[in-house]
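Quick look at what Swiss-Prot annotates:
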type	residues	note
ACT_SITE	Asp13	active site, proton acceptor
ACT_SITE	His41	active site, proton donor
BINDING	12-18, 40-42, Arg304, 330-332, 412-414	GTP binding site
BINDING	Asp13, Gly40	Mg(2+) binding site
BINDING	Asp13, Glu14, Gly15, Lys16, Asn38, Ala39, Gly40, His41, Thr128, Arg142, Gln223, Thr238, Arg302	IMP binding site
BINDING	Thr298, Thr299, Thr300, Gly301, Arg302, Arg303, Arg304	substrate binding site
Amino acid sequence: MANVVVIGAQWGDEGKGKITDLLSRSADVVVRYQGGVNAGHTIVVDDQVLKLHLIPSGILYPETICLIGSGTVIDPKVMLKELDMLLENSIDISGLQLASTAHVTMPYHRLLDEAMEQQRGDQRIGTTGRGIGPTYADKSQRNGIRVLDLLDSQRLRERLRGPLQEKNRLLEQIYGVAPLDSEQVIEEYLGYGQRLAPHVVDCIQTIHQAARSRKNILFEGAQGTLLDLDHGTYPYVTSSNPISGGACIGAGVGPTLIDRVIGVAKAYTTRVGEGPFPTELEGSINEQLCDRGGEFGTTTGRRRRCGWFDGVIGRYAVAVNGLDCLAITKLDVLDELDEIRVCVAYELNGERIEHFPSSAEDFARCHPIFETLPGWQCSTADCRRLEDLPTTAMDYLRFLADLMEVPIAIVSLGANRDQTIVVEDPIHGPKRALLSA
């Protein structure tokens with residue numbers, strides 16, 4: 001039995017969906033512990049491309065329980081669309097469970113998110129406009145709506161009376177947005193509650209029953225370490241905690257229940273939205289990485305910013321999450337390059353630093369210090385064993401493992417399930433150096 005957390009070691013979009021899908025084959029329970037529809041993951045099965053925002057990747061395995069935990073925020077309209085899409089693709093959704101205590105994104109959250117971001121002007125932070133920040137803000141202010149409220153007409157009316165009046169006043173008087181019809185909102189969300197009711201459970205009871213039965217539990221994070229509310233590039237962050245510690249809070253488990261933490265990182269770096277990005281590229285190489293990597297956001301459709309692999313934020317992710325091993329994705333995107341650069345340190349105010357600065361202003365002034373490695377200039381897409389990889393590709397992976405000071409367990413070479421080299425099963429295999437310098 002092993003309980004494993006999968007986190008993003010960069011700014012999100014690292015390929016966690018594919019890695020979680022891969023590991024879900026060995027999991028009895030998959031738990032999404034934070035975030036909302038601001039995250040997206042793509043799973044490719046044969047010719048099927050499934051783009052999900054809320055539903056855990058493990059939904060493709062009929063015997064696996066997929067739990068959306070208390071730390072998430074739920075947009076029921078989006079969730080029901082995803083469920084309908086899965087049913088249309090003949091995917092069994094009976095294993096999906098939703099925490100009754102998860103908070104709900106209401107229509108006023110989306111409207112406020114968009115209005116506030118627009119008002120920020122050139123100080124915008126790059127929000128997805130999906131209402132995530134305002135939903136978490138209401139949660140912190142103890143003014144939020146939870147899934148269980150959608151199951152009781154009287155309770156929902158009582159819970160919404162004050163917030164709806166307050167939000168309508170804000171929308172109308174501050175942002176010039178038309179107010180919402182209270183009765184229409186209530187009826188709409190009661191309808192969502194009726195459809196979701198068969199999936200609503202006590203999250204804590206589900207997880208701890210699985211733990212007592214010595215089941216394998218996989219905790220799936222959204223976004224990435226550098227978007228963490230407390231430990232990311234604040235204020236250019238999300239409104240929750242994607243790091244491994246967030247699994248304990250969002251799922252309701254103690255840290256002693258976690259056996260292993262796996263970090264997912266691209267073989268290069270990407271970022272969506274605003275904020276400093278020291279290794280960001282411009283010109284033809286940026287275009288090449290973006291086009292070959294299909295770097296467009298699953299949630300927003302925005303073109304991702306691309307840059308070289310950043311070992312400084314990588315080491316930071318190892319430390320903050322307590323990573324045991326890494327999964328490196330999209331190695332194949334680098335196949336055509338004659339040389340590849342890796343950031344090993346920064347220069348800040350004329351001094352070399354090897355740590356991640358805590359202020360966004362200092363981070364924006366950091367200049368990357370690179371080491372240049374030779375490329376392999378041949379396709380890796382069909383490699384299925386380490387020994388199939390070109391020597392220079394192996395050297396690159398060893399360099400990353402040495403730089404990050406953590407072994408590599410999985411190498412992904414494309415979107416399909418079979419385009420993967422599993423050096424050692426991270427769930428059942430022993431903790432040992434899998435691919436290291």
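Note that Cβ sites are derived from N, Cα and C of the backbone, with glycine treated the same way.
Mapped onto this structure are the features recorded in Swiss-Prot.
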| residue | record | DSSP (3 states) |
| --- | --- | --- |
| Gly12 | GTP binding site | coil |
| Gly40 | Mg(2+) binding site | coil |
| Thr128 | IMP binding site | coil |
| Gln223 | IMP binding site | coil |
| Arg302 | IMP binding site | coil |
| Leu331 | GTP binding site | helix |
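If you take the C-beta of Gly301 (substrate binding site) and look for same-chain residues 6 or more apart in sequence within under 8 angstroms, you find none. Gln223 (IMP binding site) and Leu413 (GTP binding site) have their C-alpha atoms 21 Å apart, to the nearest angstrom. In this structure, Leu413 (GTP binding site) belongs to neither helix nor strand by DSSP; it is coil.
Taking every pair among Asp13, Glu14, Gly15, Lys16, Asn38, Ala39, Gly40, His41, Thr128, Arg142, Gln223, Thr238, Arg302, the residues listed as contacting IMP, the largest Cα to Cα separation comes to 34 Å. Secondary structure at Lys18 (GTP binding site), as computed by DSSP, is helix. Other C-beta atoms found within 10 angstroms of the C-beta of Gly40 (Mg(2+) binding site) number 19, with every protein chain shown included. Distance noted between the C-alpha atoms of Asp13 (active site, proton acceptor) and Arg304 (substrate binding site) is 9 Å. Across the fold, the C-alpha of Asn38 (IMP binding site) and the C-alpha of Arg304 (substrate binding site) stand 15 Å from each other. Checking the binding-site residues (Thr128, Arg302, Arg303, Arg304) against Gly15 (GTP binding site) with a 10 Å Cα-Cα cut-off leaves nothing.
If you measure from the Cα atom of the residue listed as 'active site, proton donor' to that of Gly12 (GTP binding site), you get 10 Å.
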